[in-house]
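To start, the structure itself, in structure tokens.
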Amino acid sequence: MFSKEGKTNSNRKRINEETSISKNKKLKKKTAIGPNSENGLVTSNISAGTSDAIIKEASKKKKKTPFNDVANDVKRSTAFPIPTGLMSGKASGKASGTASEKASVKASGASGKASGKTVSYKNTTIKSYCPSSPLRPITKSMAERIRLRTKVLEYKEQLAEVRRETVEIKEYNRAIESRLPKLHDELIQIERDYEEQAAKYDEEFKKLNEQCDVINEDNNISSENIVNIRKDLELKKDKIIEQKLSYESLLKQIQENYARLKIEEDTRKDLHNQHLDLKGNIRVMCRVRPYTDKENGIERANLKCSDDKRTIQVSTKRLRLWQMQTEKSTYEFDHVFDESADQNEIYLELCSLVQSAIDGYNVCIFAYGQTGSGKTYTMEGEVNNPEKKGIIPRSIDEIFDKIKETSKLGWDFKVYVQYVEIYNETIQDLLTDEDKNRKKSCKDRKKSCKESKDLCKIVYHEDTRMTIIENAERRNISKKKDMEILICKASNRRSKSSTNSNSVSSRSHGVFILHLEGENPIENMSSRGSLNLIDLAGSENIDKSGSVGDQMTEAQSINKSLFYLRNVIQQIKNKSNHVNYRDSVLTSLLKYSLGGTAKVCMLVNVSPLAESINETKKSLSFGQDARKTHVGTAIKN
């Protein structure tokens, strides 16, 4: 690098000496060259004298170098502007390349374009001489010097770039060196941590080895124990087989005992029914209504059924002598159904009565209880839902099934149906298509019914001891499906309204009557039976139910008819000489059912809510008294 710079300095001295001699010769001539010269030299818009003046001014301001002198000689000889990079002579050389690349040579003259040899510098063409110019041409040595000068400048630029990169590298090295102590400290800390972790792991490894030794010892002991256990298992296998055989034998005995128990239970029920038939008492069953989803969060009553399903216990709390005391009351019935009992379970206890109706007996089943205790659900249920069908649709199913079976034995049955409601002490037909009266108020409906010539009347048939309702439609039904459709329409026609106690409260007593007339020509036998299924309206506290207007009139009529029903049962129980069946339409309709020769079953429905506990106790007390009532031995028609 230093040898190249020495050669460059020597070249600079030689060039400076040559250019100074040529400069002095040209300055003596100082010839102005204009656009109208006779030589026909193509010049720029700036004259030679003006160019010399500019060069002199620039030489005063700039540092004089040998290369600038050469550039001045070239400019005088060509009358073209020289690239600023050739005239500056700065060591950095940053601007020389850019200015020279952008320079352009323009020539114009009076006689046309000049021709001659040219020298190129970074895409810039310089005229070496003009034929008519008195100045001397640029020699090859001068062009070579210019080229070498250009190379030198380029090398200087590269050198500067290298120096800048060197500075950056040194700064980067210094930054790295400044980080080395910190990295060294971190490395030392990592080594320390590694040593600590290694020591810790060594200790844990030792502990694990010790544990493995202990486990191995335990495994050896366990292996011995396993061997002993296997020996014991082999010894006990025979005992297990014996126990299994014994278990199977006991299980078989239990199944046989269960089957025998079921038979005995059925026998007990039959004997109990026969006993009740002979005794002539009203059969009373109790059902606790299932808890609904809408009643979540409402306090429940403390009702407990016995295991034998014969009694129900009611527990209430009362304040006595400034202390809360629990009172327990127990009520006995022929059967008690708790909240878990479904519709089918209830019907299975009553199906024998339905069979009695087919056999020629008069049967009456009625549901009693306060409003909202589930009477209508028990009696009717949901006709279109097989699992939730009530007593009425299930009885119809069984009757038609039995009729189909007995037809093989020569029996021919006809089924007649009547469906009425007792509303405000008047009987209204639910099978008729006329609904005009139902849109009127209570007083108007009662008045129109009394004035009507077709007023429904109760007629007693002494020979068959059956009750017939005259002027009420009596239809002959031969298909089960037709009966279901009829029941749905009749149920929708019943008088209902919303009260505080029940959103859909029945405001009338619904009476569904089936007359079964059978003939057997082969054996010359006949049968006349009836099945009365009654859904009583609910007893309610008028103040609590919030009944006003028509609802109050309806509630008073319902409570009055139920009061007379209780009086009739009490008179029958006390064996009074005269029983007032004519006090109400309901008791008049139940005369032959309660007065003897009929099989009667009363189903007491109670609510599971604590707020209804007083009405629940009243219903249970009435049911228990009714169970003790003797109505007479049933007689087959």
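Even glycines carry a Cβ here, placed using N, Cα and C.
Not measured: the values here are computed from a predicted model.
Feature list (source: TrEMBL):
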- 1-46: region 'Disordered' (REGION)
- 34-46: compositional bias 'Polar residues' (COMPBIAS)
- 88-117: region 'Disordered' (REGION)
- 99-117: compositional bias 'Low complexity' (COMPBIAS)
- 145-218: coiled coil (COILED)
- 281-629: domain 'Kinesin motor' (DOMAIN)
- Gly369, Gln370, Thr371, Gly372, Ser373, Gly374, Lys375, Thr376: ATP binding site (BINDING)
Mean predicted confidence [pLDDT] for the coiled coil (145-218): 91
Neighbourhood of Gly369 (ATP binding site) by C-beta distance under 8 A, where only residues 6 or more apart in the same chain count: Lys375, Leu536, Gly538, Ser539, Val604, Asn605, Val606, Ser607, Ser619
Position of peak Cβ density within 10 Å, selected from the binding-site residues Gly372, Gly374: Gly372
Among Gln370, Ser373, which are binding-site residues, the residue with the most C-beta atoms within 10 angstroms of its C-beta: Ser373
In the chain carrying Thr376 (ATP binding site), residues 6 or more apart in sequence that have Cβ under 8 angstroms from it: Ala367, Ser506, Gly510, Asp535
